[in-house]
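Before any comments, here is the structure.
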């Protein structure tokens, strides 16, 4: 018994699904060969080939046909019988099979050979790659993609986490994967329990600025003002040396005293030139961490030093007068003293500034007045070209005034030798020393207040604060005068020749004298009370707000800048009320105290 050979299906991957599943028709030659082979295999009763019919080839599906079931793409897993066909004419196939069965009734072995015997299940060939690759047609891929789009309600996309990404994500959606915790930040569940902190703008303050050196100062001298001032100072140096040498040569102690005064004039002139040149640089006005108020406090420090040194000069002259009185007291107690002993005692007194009348002054009267005239001219030029030319001259020492005063006294000194030879020098020295002490102490007192960052009211004489106070006093005085006149006289309407109202003349009565009211208005306590009253009269300042006297701190840090610190206790109110109150207080203080920096601390309860 011969078993028919089973032919494996050959894959035709190049065919489309429509072509693969269509039953092709055979040609006449193919059909005859196909029918003869079948008849030979099955057997004909008469042994005569049957009539040629149109046969349909068995369909050969492509690899997609096998891949549609459980992912098996092996063609060796299914074996078909060539006699088994299906197609359009099912009845013809049935007749052929029926005839074959009837022909083989007598032969049992042949009948058994017609049965379909499945071959043993072959092991699929090992894949070429580790993972099987499934071929997907474009239609199947598009249908699968569309079904996935319709079935999945969420659009999840593949994202790659990069924890070391330097730049933050550009959108809020991309930051969802980086959010830590579940804080209900953007949800109504939070109920504003987690408020964002206030964004504080960093202070734009430099740590330090370059400080100019000596070469920078020389290269930035303003022309021609600084050169004129330096020329006058150089001439004063030569005049001081000449005056000192002439005083030692002719024993004129008055000239030695004059040379000391000229020396202080030179120092003051150089300080003013240095300060004006240094003020051209940025570090002078700009505050840094190293110098919070800049370098302009150097001007205050130098003014204080000159004022203190001037006070020492006045004390030196005063002590010499006391020493001379002690010498006279000793001479008057001894009966044996004479003029020669007085000269010996006078020479033992160091730095004696009391002059002796001698004949050399009368002999060299031309030299005397020539040196005095040169010093007088140079001191006057220094006063007007250097000291008064400075912006803050009224707040600094004016040493040339003392030099000019003493030089004027020396002009008339030779004329007083005959009349007041015994007491002229004592009186002149006492007056000059008193003037120096008064001027030096006045400057030193208020410059020390500025150095200690206290409240100095010297430069507030022309402030609008005093003008407002004066206008208030004038209005109150006018009301008092009108009320007193109304009590004394009956109310009669004044006659007017025109339709315009009669103007009221406001007269201001101020006390004049040595102790006037102007000195009282410059008291820091009075000014702070005036500022406190102005703040409390503001419309934004409510009755439930509290402002104490001790909560107002005013400091003067240099010749121009004031710093005002205010603390207010605010009961109730909103953020808008707080903002409006800050703006109103700042405007009020800027009107009262110009060039000030205001810091307002509001404590809300």
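Glycine residues also receive a Cβ, built from the backbone N, Cα and C atoms like all the rest.
A quick note: this is a predicted structure, and the numbers were derived from the prediction, not measured.
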Which listed span Swiss-Prot calls transmembrane segment, if the choices are 192-212, 255-275, 339-359: 255-275
Test of record reading: of 91, 188, 463, 498, which one does Swiss-Prot tag as phosphoserine? 498
Annotated stretch (transmembrane segment, per Swiss-Prot) among the listed ranges 525-545, 546-566: 546-566
The transmembrane segment (546-566) vs the transmembrane segment (226-246): 3 or more CB pairs under 8 Å: no
Is the number of Cβ-Cβ pairs under 8 Å between the transmembrane segment (310-330) and the transmembrane segment (226-246) three or more, considering only pairs separated by 6 or more positions? no
Tell me if the transmembrane segment (423-443) touches the transmembrane segment (288-308). I count contact as 3 or more CB pairs below 8 A, with pairs 6 or more residues apart. yes
Beyond the flanks of the topological domain 'Cytoplasmic' (276-287) by 6 or more, those residues with Cβ under 8 Å of it: 205-206, 209-212, 216-217, 220-222, 226, 293-296, 298, 390
Can you work out which residues elsewhere in the same chain, 6+ from the ends of the topological domain 'Lumenal' (385-399), have a Cβ less than 8 Å from its Cβ atoms? 225, 228-229, 232-233, 261, 264-265, 267-269, 272-273, 275-276, 299, 303, 306-307, 310, 439-440, 443, 446-447, 458-459, 559
